[in-house]
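Taking it in order: structure first as structure tokens, then the write-up.
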Amino acid sequence: MTGKKRSASSSRWLQEHFSDKYVQQAQKKGLRSRAWFKLDEIQQSDKLFKPGMTVVDLGAAPGGWSQYVVTQIGGKGRIIACDLLPMDPIVGVDFLQGDFRDELVMKALLERVGDSKVQVVMSDMAPNMSGTPAVDIPRAMYLVELALEMCRDVLAPGGSFVVKVFQGEGFDEYLREIRSLFTKVKIRKPDSSRARSREVYIVATGRK
């Protein structure tokens, strides 16, 4: 992509971003990101979070989902969060900065979970997008497979999993894999998710 084309594309993205009603609402409410609204819509539909829960948040920065979940699980709840990027502290959130694909980071995350019974694993992870689906989709699928592996390791029976997935090659196989592990699986496209985006959210409940 030439610099001129990239500049035009970036300008369009910025214009769309700042005119987005959810971005504007997030700024007014002092929220960390518009992702807060996506999780709020999912919670209204699926009632994933309850007071006192332990939750794992993958791809947490800048903290929109953790910020939302804190309001749902209360002071006795606990969030263990991880992201490659830094995140400003949130009371009630134990944050680990590191690459979730790195075995040492995964080990450190599991150590922080310890013997806790995790009721929800949530992942809003996404790779740096190149704009080429043949490159981006496999990278994204690798991340969501790792998130599902985390579910296998830490999620308590009856627990829930919410994960952002980009529709494309590997999506149907991944959905089948999730259905084999959970009793109820739904696909959500929140209103606050941009219509042109390939992203959807798989909401799986009732870990077998």
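Each residue, glycine too, has its Cβ placed from N, Cα and C.
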Given that Swiss-Prot annotates GLY63, TRP65, ASP83, ASP124 as binding S-adenosyl-L-methionine, state which candidate in ASP46, ASP99, ASP136 belongs to that site as well.
ASP99
With every protein chain in view, how many other Cβ atoms are within 10 Å of the Cβ of TRP65 (S-adenosyl-L-methionine binding site)?
28
Could you round the CA separation between TRP65 (S-adenosyl-L-methionine binding site) and LYS164 (active site, proton acceptor) to a whole angstrom and send it over?
12
Look at each of the binding-site residues, ASP99, ASP124, and point out the one with the fewest other Cβ atoms around it within 10 Å.
ASP99
